[in-house]
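> One structure, pasted below without further comment.
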Amino acid sequence: MSGQKPSLKTGGSAQSRFQVDVVTEASSAGPTPPVPGTVDGLRPPDESKGRFRVVGFLDPGALGTASDIGLPPDVFHEPDGTKSDSVSLHSTGTGHTHISDSHSNTYYMRTFGHNTIDAVPNIEFYRQTAAPFGEKRTRPSLSELHDELDKEPFEDGLANGDEPSAAEEAAALMAKEGKGGMVKFGWVKGVLVRCMLNIWGVMLFIRMSWIVGQAGIGLTIAIILMATLVTTITGLSTSAIATNGFVRGGGAYYLISRSLGPEFGGSIGLIFAFANAVAVAMYVVGFAETVVEMLNDVDALMTDELNDIRIVGTLTVILLLGISVAGMEWEAKAQIVLLVILLGAIANFFIGTFMPSENKKPKGFFGYQTALLVENFGPDFRDEETFFSVFAIFFPAATGILAGANISGDLADPQSAIPKGTLLAILITGLTYVAVAISTGASIVRDATGDHNDTVVDTVNCTDAACTLGYDFSICKEGGCQYGLMNDFQVMSLVSAFSPLISAGIFSATLSSALASLVSAPKVFQALCKDKIYPGLGVFAKGYGKNNEPLRGYVLTFCIGLAFILIAELNVIAPIISNFFLASYALINFSVFHASLANSPGWRPSFKYYNMWVSLAGAILCCVVMFVINWWAALVTLLIVLALYIYVSYKKPDVNWGSSTQALIYNQALTHCLNLTAVEEHVKNFRPQCLVLAGYPNSRPALLQLVNSFTKNVSLMVCGHIRTVSRRPNFKELSQDHARCQRWLTKKRIKAFYAPVFAENMRYGAQLLLQAVGLGRLKPNTLVMGFKNNWSDGDMRDVENYINIIHDAFDLQFGVVILRLPDGLDISHIQGQDELLSSHEKAPVGAKDALISVNLVKDSDSDSCPSKSTSNQSSPLIIRATDIKSPLSLTDQRLLESSQQFKKKQGKGSIDVWWLFDDGGLTLLIPYLLTNRSKWGDCRIRVFIGGKINRIDHDRRAMATLLSKFRIDFSDINVLGDINTKPKKHNKLSFKELIEPYRLKEDDMEQEAAERLKAQEPWRITDNELELYKAKTNRQIRLNELLKEHSNSAKLIVISMPLARKGTVSSALYMCWLETLSKDLPPLLLVRGNHQSVLTFYS
């Protein structure tokens, strides 16, 4: 192609299907020269009708400067006179890049993809929400690129892959910030600070020394490492989930619900939000107790201790609420101030450990001493404490790792911030706890009297480490000492360089944790309410201000916290709260294991330092720790989670988050399907797997409801729909139709798949379904259709197709079942007969939508499944039920009532089984399956068989023996010895009248004319055919007489369907047999199996 310039045909032909736009660079000076074939540079008028546009580029003679064409500043253009199609970029070695263009055409300097509607990859196409600079952008659909050109313009928007310039984006962002954009936090302020403040709780200052005294330095480090192990594994799992896609607000709830689905997410989200709300009360009460103790020391109590705690707690939580409501920015500033105080308190403690003084020694503080380190390294459990009881007391101090994740919606980059901030916070706080444990254990004795006079006198009996340091505290073995690791919770204040700073640290730890919980609870609860998992909570989903603050959630959290503060009895609720947090940790770990196990292609976290088995171990560890902390609280937690899980599972919220539960179900289904395929079929495992030709599901509800009665939870049911429309709908219409029909089946609790096909005619469509529907062993083996009512009034070519569908089914070794109701099956012409509302379509208040399969031309054979009427159906129409005013005719009323008869309980009656020919047992199996259902449970099976008049008792006993071996209950067996007697004369005359219009009457015409007519209309009945099958015809007439005599009051008749030899019996004669056999009777099933055994009496 070298040496050629790209050219576009722009002749003035009005037949051109493409539209030509002339595009020039903004830098080109002067007027644009006209395009050949146009008038004054305008496009031919007819070409503007094209759907797509092909963009042509003119050669203005020069490209202009590098900046004019949008090149980087270090790239400049060097015109070249050589005629070439290529654009060459070469480095000069000086840090600049030269561009050589053969004929200086701007075509070669444009971004790839500029001249086509096909779009280049762009991150905006993958966003689920609107882009920051405007409306959400979408790539062109496959239909827009692939469908034939029509006169419809393509949709408005950013066409041809054009992107807004950097300047446009910057302007849009500046405009947004000018209006007051959202406050977003980085990983330090948003995650690290919050997690550290939440993990460094009051436990660090008032319980850590006691834990060292009980467990010793060695076991205390082991306790810290065990707790850190659990939180680290959970942190790794949190990081994996957080980096597997964009994270929105909702914290732990969002992570779990999007991974495991709404059942787990909804249950854990509610208790996690509640736990955070109650945790506010716990931390505030801890703060209030410290304040009240200080007031008590200076004798400044307002009333009594309990009420003072309530007063101080109430004032504190009101102050915290004010900070939270002021906005995340103020809350973040408060957290920074509290962190500085907390860091100062911790540093103050460590500085104090290097500053021993004589007046502190009687109280047990001697500075770093090897003797103390050795003595305090081992455990000394007292007061029935054990390793696990001490661990249970410490573990809540390690929680709080989700404080950053809980405000995920307020983070600038949650995918980066959550892993870095959470894991670093765990590391820093873990090292701090270990350092405090070693420092206290190496510098403070377990027991001290506080008396300066307790110096060493008897060096023989005094063997403690304190003795080597000049003090004898042996009297403390008898109890009563108030100082030392075991006795003084405020020992860190004693050790510190400036004791009031430790009190400030306690205040900071409690208030920061309370503030974090007060912010976390509403954020999580708001996300939960937005998803509408629980009814009635939508009022709390509303956000206010630039940060979408959940003010209503803040008020609710405040009320819950205040209620528990006023109760002031948190000793019982505290372990449940700890278990609530642990339950959420366990589910986060399980989420990672579950997602990895499901092996979904969508599970691709950018954080790689996780392992599915480690996550599973973490989940198990969390459950173990729950029971270690408090077994009854663990049981309560599990019961609450289970109850909420069952509730959400029962309600089935209409959400689809692509959870790992869905992925695992798919994996299991695929595995089981493949496993089934490798196993040969066995008669004991036979199930009637039905392909039901029903058209739109709501067109023939009686057919679907009856089949559902014997396939539900037993076997496969596929609702086949053959569509012969002249205009094939586009994919969007097809998918909407499919979704509506499948939703209708789900709403009616019919367990079936909807499978539509497009075909030239009904027979070809049925062949497609018979051959292609199914997967492995999950493949239909029984074809179910409706009887073709009023077939004689329609086109006989439809009857030919209908009968040939039956022949095709038998050719493919299918069983065939045909249902006939006295009033017919098809109710699609009755407007407003069934409600169905798409989840994407909102009806006005008081109005209801209905899915109607409307026949534009009411066809006479509309009761057949399928029928020609489907060729007149384009799609189900959505109409408003409030607009339906026309009253139904009496016929339609009966038809509508008849269509619902299998939906209700059948009551006492009989199912009459006319098992005239052995088809393998399908004729008997279907009634048996029906009687196992509650709707048909009161019906009894009556069996009718043919026999000889002189062997009736023998035949009855033989059948009773066979049925008992099949373990099928029956109420009666009737042997019909008079089947072969001649039918009544008037019935024979009726049959003769029925077939008269369809006879060939070859005796009345020449042979050549008769053969030509038979070739043109193969359904015609020949005289020879009538004579050959005279006995079979009489049998159908006689059977109808017997059916009216014996089964006129049956709830359902199941009878062996007569067979017609293919190529010998014309379709009209076969249709007349079926019509004659089944007319004027209760609901009747014509059944014929494939003559392979479906029943066995062997074990």
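Using N, Cα and C of the backbone, Cβ positions are placed for all residues, glycine too.
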> Of the ranges 580-597, 634-651, which one does TrEMBL flag as transmembrane segment?
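My reading of TrEMBL: the transmembrane segment range is 580-597.
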> Check each of the ranges 308-327, 1068-1087 against TrEMBL and return the one annotated as transmembrane segment.
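Checked against TrEMBL: transmembrane segment maps to 308-327.
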> Using a Cβ cut-off under 8 Å, which residues of the same chain at least 6 positions beyond either end of the transmembrane segment (308-327) come close to it?
183, 280-281, 284-285, 287-289, 291-292, 295, 301-302, 334, 511, 514-515, 518-519, 522, 545, 547, 549, 551, 554, 558, 561-562, 565-566, 568
> Which value does the mean pLDDT take for the domain 'Amino acid permease/ SLC12A' (190-691) in this predicted structure?
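Mean pLDDT, the domain 'Amino acid permease/ SLC12A' (190-691): 85.
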> Any chance the transmembrane segment (421-445) and the transmembrane segment (609-627) have 3 or more Cβ pairs under 8 A, given the pairs are 6 or more apart in sequence?
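These two stretches do not touch.
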> Are the transmembrane segment (191-211) and the transmembrane segment (387-409) close, by which I mean at least 3 Cβ pairs under 8 Å that are 6+ residues apart in sequence?
yes
> Which stretch from 217-247, 268-288, 336-355, 609-627 shares the most C-beta pairs under 8 Å with the transmembrane segment (387-409)?
217-247
